[in-house]
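Q: My structure is below; once you've seen it, I'll send some questions.
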Amino acid sequence: MKKILNGTDQVVEQMVEGLVKSHADVVHRVEGTRVIARNDKRPGKVGLVSGGGSGHEPAHAGYVGRGMLSAAVCGDVFTSPTPDQIYEGIKAADQGAGVLLIVKNYTGDVMNFEMAADLADADDIKVEQIVVDDDIAVEDSTFTTGRRGVAGTVLVHKIIGAAAEAGASLEELKALGEKVIASVKTLGVALSPCTVPEVGHPGFELGDDEIELGIGIHGEPGFTREKIMPSARLAKQLYERISSESKLLAGDKVVVLVNGMGATPLMEQYVFANDVHELLKNAGVQVEKTLVGDYMTSLEMAGLSLTILKLEDEKWVDMLKLPVDTIAW
């Protein structure tokens, strides 16, 4: 295992310290916690909290700041943060109008965020929760009941963040979030696995000429293994599955996110994005916005995911285009 670390037991602690020291103009650490909170406070605004296991950087701390999240909670690598840590995030985000929790659909995350919401309720903080389940690869897995929450979560952060910044109520934000979640679909592929520092070996093995379709962001293997193929053919496989799930038709408008899994160069991501654009053009589907880059990773996994957000409301594009002050958007 080759990693730039000072040992495996302090990796998250030192990452959090490095992050807040590097971006002290945007975020700060809530003392005694692994909560990253935005510096600017807006009384009367609904707070937005997300988080989960570390190892997916820049998610989620990279999306804390004006226009997006109020706070993010960092668990151990690929491990949900504890309810008490999440509760600290809720308190940091609360500005008197309630707090919305944006949770990826993993059993530990959902359970711990719900427990934290109960703690907040006992402290008279109104909390609502939405659960992102955009991964169409599998219905149930080692980590989930139902579909997993993956890169589409970042689009949810951005749209909900814009609405919150504009003064939407807690109930309005929850309803909007549920609409966006229902319209966003993701599917990923791995060219090589990742290694959790404390484990010391890859989560699965792939031959030099193999790829894994349907991988998760915790190093979970996918639903099928195939030989390496040209980008255009790979794009077609992922696109066709997503198109079928989303029932995309000629004339529909979409947002595309090509997300690097951690070790795939931008050159390859843009080659893939070009192939996706050709497929959408041939299908008569109009692309309103495209995002390409590492938005939600899986440590040093090589590969990418394709996310397509079907626009049920054209205002969502405007929300995605609004400027923010965060580390990673």
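Counting begins at 1 with the first residue displayed.
Placement of Cβ uses the backbone N, Cα and C atoms for every residue, glycine included.
Reproduced below are the annotations present in Swiss-Prot:
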| type | residues | note |
| --- | --- | --- |
| DOMAIN | 7-329 | domain 'DhaK' |
| BINDING | G53, S54, G55, H56, K104, D109 | dihydroxyacetone binding site |
| ACT_SITE | H56 | active site, proton acceptor |
| ACT_SITE | H218 | active site, tele-hemiaminal-histidine intermediate |
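In terms of burial and nearby residues, how do these features look in this structure?
A: According to its DSSP assignment, G53 (dihydroxyacetone binding site) is in a strand. Listed in sequence order, the residues of the same chain lying 6 or more apart from G53 (dihydroxyacetone binding site) and placing their CB within less than 8 Å of its CB are G75, D76, V77, F78, T79, S80, P81, H218.
H56 (dihydroxyacetone binding site) has a Cβ environment of 28 other Cβ atoms inside 10 Å.
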Q: Would you mind checking how many other C-beta atoms are within 10 angstroms of the C-beta on G55 (dihydroxyacetone binding site)?
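A: G55 (dihydroxyacetone binding site): 27 neighbouring Cβ atoms within 10 Å.
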Q: Under a three-state reduction of DSSP output, how is K104 (dihydroxyacetone binding site) classified: helix, strand, or coil?
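A: It is in a strand.
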Q: Per DSSP, to which secondary structure element type does D109 (dihydroxyacetone binding site) belong, with helix, strand and coil as the options?
A: helix
Q: Return the count of C-beta atoms lying within 10 angstroms of the C-beta of H218 (active site, tele-hemiaminal-histidine intermediate), excluding that atom itself.
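A: Total other Cβ atoms inside 10 Å, all chains included: 25.
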Q: Give me the count of other Cβ atoms within 10 A of the Cβ belonging to D109 (dihydroxyacetone binding site).
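A: A count of 27.
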